[in-house]
């Protein structure tokens with residue numbers, strides 16, 4: 001195998017591995033919902049937006065003929081749909097959840113109708129769909145900034161997940177490199193904010209260590 005082909009295969013494998021690892025972090029929420037038979041402390045919107053994001057990138061991957069995009073986002077869509085169904089089963093505000101789901105799915109269907117019916121040229125359709133996926137992914141990466149301001153205000157990182165931060169950094173970095181290899185700006189650009197926000201989270205973990213880390217530092221100082 002040539003060096004370029006080997007690099008592409010390794011990057012593709014890294015994208016699949018790290019992204020599925022990031023998606024699987026929702027399994028802890030799934031376990032929590034099943035054990036407590038409630039959705040307390042579990043946020044619904046990230047499941048829904050990630051599912052829509054997966055379906056959008058799945059369409060982009062299918063149109064582009066890229067099996068890395070297809071594989072990752074097909075598995076991701078299945079996982080996110082599972083999380084949504086379990087959340088819906090245990091939540092008491094089913095009407096609000098169904099309204100959010102229906103609204104976002106309607107937007108997705110209208111978007112697909114636009115891309116497939118009103119943009120007949122495949123190359124132009126690929127560009128429009130790539131732009132939509134990029135903007136949606138960027139908005140997802142930037143949406144937690146409100147939580148980061150709360151962390152700074154409260155000087156507490158209890159609301160942040162260190163494992164998810166690592167997974168986000170590895171996923172964003174691998175997709176950025178993969179996008180560079182493909183010369184695809186629609187893959188490169190939306191993953192750059194993921195790298196940036198991950199480093200901001202790492203700085204916050206260092207600035208405001210969690211309680212266990214504080215106790216460890218105190219033991220070292222005694």
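Each position is counted from 1, following the chain as shown.
Cβ atoms are placed via backbone N, Cα and C, with glycine included.
In TrEMBL, annotation is done automatically, which means it is predicted and not curated.
Features of the protein shown, as given by TrEMBL:
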type	residues	note
TRANSMEM	6-23	transmembrane segment
TRANSMEM	69-90	transmembrane segment
TRANSMEM	97-117	transmembrane segment
TRANSMEM	129-148	transmembrane segment
TRANSMEM	160-180	transmembrane segment
TRANSMEM	186-206	transmembrane segment
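Contact check: the transmembrane segment (160-180) against the transmembrane segment (97-117) gives fewer than three Cβ pairs closer than 8 Å, residues 6 or more apart, which falls short of the contact criterion. Long-range contacts of the transmembrane segment (6-23) within the same chain, counting only residues at least 6 positions beyond its ends with a Cβ under 8 Å from a Cβ of the stretch, are 50, 68, 71-72, 75-76, 79-80, 164, 167-168, 170-171, 174-175, 177-178, 181.
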